[in-house]
Each structure stands twice: as C-alpha cells, then as structure tokens.
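Over in TrEMBL, the protein carries these features:
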- 28-56: transmembrane segment (TRANSMEM)
- 77-94: transmembrane segment (TRANSMEM)
- 100-121: transmembrane segment (TRANSMEM)
- 185-207: transmembrane segment (TRANSMEM)
- 213-232: transmembrane segment (TRANSMEM)
- 331-351: transmembrane segment (TRANSMEM)
- 371-390: transmembrane segment (TRANSMEM)
- 411-435: transmembrane segment (TRANSMEM)
- 455-477: transmembrane segment (TRANSMEM)
Amino acid sequence: MNKKEEYTLDGSVDRKGQPAVRERTGSWFAATLILVNQGLATLAFFGVGVNLVLFLTRVMGQDNAEAANNVSKWTGTVYIFSLLGAFLSDSYWGRYKTCAIFQAIFVVGLISLSISSYIFLVKPEGCGNERTPCGSHSSLATAMFYVSIYLIALGNGGYQPNIATFGADQFDEDHPSEGLGKVSFFSYFYLALNLGSLFSNTIIGYFEDKGMWALGFWASAASALVALILFLTGTPRYRHFVPSGNPLSRFCQVVVASIRKWKVVIPSDGDELYEVDGKENANNGSRNILHTKGFKFLDRAAVITSKENSTEIVENNNPWRLCTVTQLQRMGVGLVIAILAMVVAGTVEHFRLKYKEPDCVDCDGSSTLSIFWQVPQYVLIGASEVFMYVGQLEFFNGQAPDGLKSFGSALCMTSISLGNYVSSLLVTIVMKISSSDRMPGWIPGNLNKGHLDNFYFLLAVLTSADFVVYLLVANWYKYIKFEGRSEKLEGCQHV
C-alpha cells in the first residue's frame, strides 16, 4: 500500500541531502534532543564559569579585582568565539557539523581542566575551600589551566549560536502547527539553559565551594559528554540547511559594486532593482528580502546599468558589479527591570554595610543583615534576562537573512561579550579612581572596607543611558520583510 509523504516547505534537507520528509524528520522529537543537549551543556559550562572567580582567588591566589577581570575577559572570549562558529556554520560546515565539532572541543577542554586540577592545582589536598587557600603553582600547571579554560571557551562559544538556530531549523515556519512550535522553541531553549544553570549553581557549586573542585569539574565533563552523545543520537532525525558560502565576500561584493556605481541614479521603484528568481532561492530554503528605503547607497549594487543590460550578462553576472537586493518592546522592558535590579542591589549593599561586623577578625565581608535580602535583586535580574534573552534570540533569528541565521545568533552573543569586556574595563577604571591611601577602592578583597553599593548605583546609571540609546535605535530601525517562499514547493509529495 502506497503512502504519500509530505516534504517540508522551507527547503530543509535530511542528512543525505534529500528534501526533508515532514513525518520522519525534525519537529519536537529532534528539538527535544537539542533542548536536553542544551541543558546538559549549560550545566557543564556554568559548572566551571559560575565559580571561576572563587577558583582564581582560592586556588590560583588572585585578588578579587584581578579574578573578576580575568573572568570577564574569559567570558567575553567565549562570545567572540561564537562569531567563528557562526561563520563556519553559515559558510562551509552547516550547523550540525559545527555543533558536533565544537562540542567535542568543549569536552576535551573540560577533561583537561579536571585532570590538571586534580593532579596539579588543588594542592595540598582539601585546599580551595573558604578557609584554606592552595599553594603556589608551577608555570606548567598554570599554563595547563589557561589552555583548558580557553579550550572550554572555544568549544562552548562555537557551539552556542548554532545550537539555538539548529533547534529552530527543526520547525517548518511555513507550516501552521510547526510554525507555532518554532516560536515557542526559543522560550523552551531559555528554560533548558536556566535549568542547567540552576543545577550547576546549586549542586555542583556546593561541592566546589567546599573545595571539591576536581569532583565538580569531572561532573561538568561527564555532563558535556552525555550532551554530545545525545546530540549525535538524533543524527538520523535532524533537518538541515545547505551552507550558503562566505558571507564576508558577499558583503564586500555589495560595497564594491555600490562604489563602482556611485554615479548611477537609483530607481524610485524598488521592484526595478535586480533580484534572482524566488524559485532559485527556494531550492536551498532561502528567501528574497523585500526592498526597504534604508541604506539607499547600497541599492546601487542592484541597479542594472547599460553595460549589464543583456540577458547573458545578467544570467552570468559578475557579483562584484551586480548584486541582489537580498544580499523589540520586550527588550525595552528587560532594560527597565535591569535598572531597577541595580538600584535594589545598591540599596541592599548600603544597608549590609550599615550592619557589618567590624570586630570579627575572620569574617571578611560579614554582616548581620540576612542574606535573603538579596533575593529581590536576583529575581529582578532573572526577569530582566527572560525579557532580554528570549527577545534577542527571536529578533536576531527572525531578522537575519536565511543564509546568516547562525551569524545572527552570534551577533546576539557578541553583544554580551562586548558587555563583559566593558565590565572588565569598568572594574579596572573604578578601582583606579576609587583607590587611595586611606581607601582600598569600591571592590576590595574585604567588601566591608569598600563601597560595592556605589558600583551598583553606577551600573544603574549606565543601564539608564543604555535604555535611552535603545529607544533611539528602536525608533530608527525598520523591520525587514521576506518574500513568500516559492509555491513550487507547496504540497510537494512523493510516493
């Protein structure tokens, strides 16, 4: 008995490069594996990242400011590597291969960190807890530590922007029910991220705080390995999109073509600009972007001049002369909540300092104020991230051209990396300006001698300035619109 099987409408393919059959690929089965993979990988990453400041101070012997700067630089590097992963994914490897390779690097980095910590760093045994700092380390041990954590940065950075987009690829947005699934996927993705983070912050964080660093790192390595195995298990069911080539060369082609035609008059009607047939793009899932009035100078790249006005030249066009046209509010709420969180954090720290215990010799940073007063600020930060992170993922994924989806997610992560580098610079500047003979600075080793509350209030002011910039940019930005996919693929079936 013959059974008709329906192809997806978005141009996705199976692992053999054939058009993806809806019933046998993608959808929530494949997406669930990716969500579990994300949760486990996040657990592994934060099992290292969340307590890295403590590791640097208790095990590596760094002070608070130096450790905070090193962690900010490391975290920023994670997100910079996301650009590399996105470039390889969109241009050459595809999202599946990129995710698999960088996850393998991630596992190697975690195993290396676990081994080096157990053999070299956490010595004498039992050191690295709240009361017993570790001894000095050899140059080899220190080098192994930094190589390990930057392998982790490379692996996680290259994997992160692609896994979110690869999960979204499992849903055909041109299909009614799957289109809704794609919208909700990003929310579940953020949930998986936070569940992994919650476990690493509580269970793994507890053991590491007690000085059992090697055990915590081995747990992270095991979690990352299980995540990789689960990801590979779903290989037969994943949907893929064919890489579209080097995006940097296409961008340069547009700029060069525009400059070469700087004297050309731009048509008033955007329909007169050059564009390939939508059916050609539909074969690899790409859609044409409808013309907008922004960046009109670049429209010259798509103007067909008299030299190019022949069928032969257009069909075999030189992309360095003729290019095609294709070539919020939740985020605002998130920023407002972030401002409120910084104000609350500064206020709580102000009162914590009022109730500090100056007579306690072994109680650096202690206070009689209950730790539960910090709960509101963390709740606000969590709410802020929900609005910001999910909104940014959807925005960058939805507004990026079809051949640059991973790069769009990487840009989202790069904005976070820039924030970490600025954070590192800000801490350095604040400590430089606020330190004096009588004052150890706003963020000293003993927080009771500093003014961390002033630092939080400074962050509130900077976030307010960021919100003003956001409003200006949001008002200026115009959403791009995509042309409908070719009707040629609609209802396509085989026996």
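Glycine too: its Cβ is placed from the backbone N, Cα and C atoms.
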Criterion met for the transmembrane segment (28-56) and the transmembrane segment (371-390) (at least three Cβ pairs under 8 Å): no
Which of 331-351, 371-390, 455-477 contacts the transmembrane segment (411-435) most, counting Cβ pairs under 8 Å: 455-477
In contact by Cβ distance (the transmembrane segment (213-232), the transmembrane segment (371-390); 3 or more pairs under 8 Å): no
Intrachain residues whose Cβ lies under 8 Å of the transmembrane segment (331-351), provided they are six or more past its termini: 369, 373-374, 376-377, 380-381, 383-388, 391-392, 395, 452-457, 459-460, 463-464, 466-467, 470-471, 474
Intrachain neighbours beyond the transmembrane segment (100-121), with Cβ under 8 angstroms and 6 or more residues off its ends: 41, 44-45, 48, 59-60, 85, 93, 134, 137-138, 140-141, 144-145, 147-159, 162, 213-214, 217-218, 220-221, 224-225, 227-228, 231-232
